[in-house]
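K.L.:
Features from TrEMBL:
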- 64-118: domain 'ABC transporter family G' (DOMAIN)
- 186-396: domain 'ABC-2 type transporter transmembrane' (DOMAIN)
- 407-463: domain 'Plant PDR ABC transporter associated' (DOMAIN)
- 538-627: domain 'ABC transporter' (DOMAIN)
- 201-222: transmembrane segment (TRANSMEM)
- 242-260: transmembrane segment (TRANSMEM)
- 272-293: transmembrane segment (TRANSMEM)
- 313-332: transmembrane segment (TRANSMEM)
- 344-366: transmembrane segment (TRANSMEM)
- 426-450: transmembrane segment (TRANSMEM)
Amino acid sequence: MRRGISGGEKKRLTTGEMIVGPSKALFMDEISTGLDSSTTFQIVSCLQQLAHISESTILVSLLQPAPETYQLFDDIILMAEGQIVYHGPKSCIMSFFESCGFKCPGRKGDADFLQEVLSKKDQRQYWSRTEEGYNFVTVDQFCDKFKASQSGQNLAGELSKPYDESKGHKNALSFSIYSLSKWDLVKACFARELLLMKRNAFIYITKAIQLGLIAAITGTVFLRTHMGVDRIHANYYMSSLFYALLLLMVNGFPELAMAINRLPVFYKQRDYYFYPAWAYAIPSFILKIPVSLVESVAWTSISYYLIGYTPEASRFFSQLLILFLIHTVTLSKFRCVASYCQTMVVASICGTLTFLVMLLFGGFIIPRALLPNWLKWGFWLSPLSYGEIGLTGNEFLAPRWLEITLSGATLGKRILMDQALDFSSYFYWISVGALIGFTLLFNVGFAIGLTIKNIPGSSRAIISRNKLATFGERNQDKDTENGMPKLQAETALTPNRTGRMVLPFTPLTISFQDVNYYVDTPAEMRKHGYMERKLQLLHNITGAFQPGVLSALMGVTGAGKTTLLDVLAGRKTGGVIEGDIRIGGYPKIQQTFARISGYCEQTDVHSPQITVGESVAYSAWLRLPPEIDSKARNVSYICFCNGTRATNTQTYTSSVPKNL
């Protein structure tokens, strides 16, 4: 088991990945997520020095930074509802809000004040003009006041002046799309792809061993001692050849999943112009050639003489070449499908569909002679057809199948005619050329798909509440329901929101003593001299969580916070856990504990096909006890979606038990 890195370390890795190189303009969104305040301060301090020393342009988006982190910035851009409320020096922002009638108390941090002064529920407490009545100041009003202020006018004046290009440094912009030459880009992608293949060596080794075992089993089914060179056993030879093609094609399916999993990283690096799509596609194709060769050799070397094909070295290598090309075509096809479909669900459907089409027109299930005339073109568009032509011609045109039959044709020719595969011997090389062509075609399609396709998912727009209300007023007369405006209809159908939802709840104490957690020591640590077999991540953790007490688990990034929560919640599926964990004084049993517990993970996992309300309603239906009737379940969902708090507990059904 590999421990990997924590969420905060991932955020630092992303930041470092963007800083390295000749980047002169950095846009950094929520870089403090998952980081403790000390680490955030260190990163922003580094960015400040980078901006001042190298004169880089850096824009950092932070939600609510600590006061010491806030003081590191030079300029502040304050946004709300898609509009800029203030843009200017940090030293002038407080005086701007004081001119608007709002003052930050001495006990309050500047960043907290700037977040809350724009909120309708928090704005009143900062009103400083006590002699005047308070009225909520909207975002649009703040924007108008900023434009009329001295800072806003200075900004507008600076933006209205055309920039003097003669003052710009010749190296201010990059005139080349990529930092390296084409050859260096290809070498870098080769090195990265080779590293990834080494990390996934277990998959490739397992696939090769699997093929070898299946080849041995297949050889015992079509054992040579039970088969003769006659028309009856020719069908067995034909079936074994088709089975070999079919198995090598199915063996390429894991390439689809691996290609899909790598797409998010590729899109990020492509959009930052780390390398072009073709530089990524070429190594993916070339470095898979040895994989196809090994798996083809594993199959052919075991099955060829077990089944009893023609005992000639030239025909052995001819069969090996066809199987190798079929496997290469299959891998290329699945990579091409992954580049266009982009998601595992769609790619699985399209990959299976293309596989079935190739199988249908392959010339074995439905011989070419039995295909309708208007569908015979499909035979020549299926790579499986050329594999069939190559393998059957290689075997049944051998000297041992030259016995003359009653029809005057040789035995091998007669067998090929029955399957409508009676082609001349030179069609073997046509098949080889066709399979090479399919390989190149799919890889070119793979490169084009990586170039033209973007990250799956729709963009999200932000609209202010005022604009939303304006749109609602415009459409109020259009959207009617049972003779009422839509808004009134929804209000009429919504239960009274002034009540409190009460559900059964039993207070529980969670205690844990001497909790230790071990994982297998990564190989990299052993190379650096760490000789212990187990790596201890938690050391004798003891504590208790009591009902009615809100506890905070704190620590720097990588301290083990997520690991401890995973262990207590029973989410760790690997490693060794030691210690005593009790729920209400009883030893914890995960099957029953999961029923009464909830865990908000660091990485959110939700279905993109359903709404927020549907997710909550589904959870309520599955987790609430059976004595809670359907009306109470729906009411709890409505209360959550509206975010309301009510006080009248008599509004809802009296059968609902007490305490939430």
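The chain as shown is numbered from 1 upward.
Cβ from N, Cα, C; glycine included.
A quick note: this is a predicted structure, and the numbers were derived from the prediction, not measured.
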K.L.:
What parts of the chain pack near the transmembrane segment (426-450), using Cβ distances under 8 Å and only residues at least 6 beyond its ends?
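P.N.:
Tertiary neighbours of the transmembrane segment (426-450) are 266, 270, 277-278, 280-282, 284-285, 318, 321-322, 325-326, 328-329, 332-333, 335-336, 339-340, 383, 386-387, 389-390, 393-394.
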K.L.:
For the domain 'Plant PDR ABC transporter associated' (407-463), what are the DSSP-based totals of helix, strand and coil residues?
P.N.:
34 helix, 1 strand, 22 coil
K.L.:
Summarise the domain 'ABC transporter family G' (64-118) as counts of helix, strand and coil residues per DSSP.
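P.N.:
Helix, strand, coil within the domain 'ABC transporter family G' (64-118): 21 helix, 14 strand, 20 coil.
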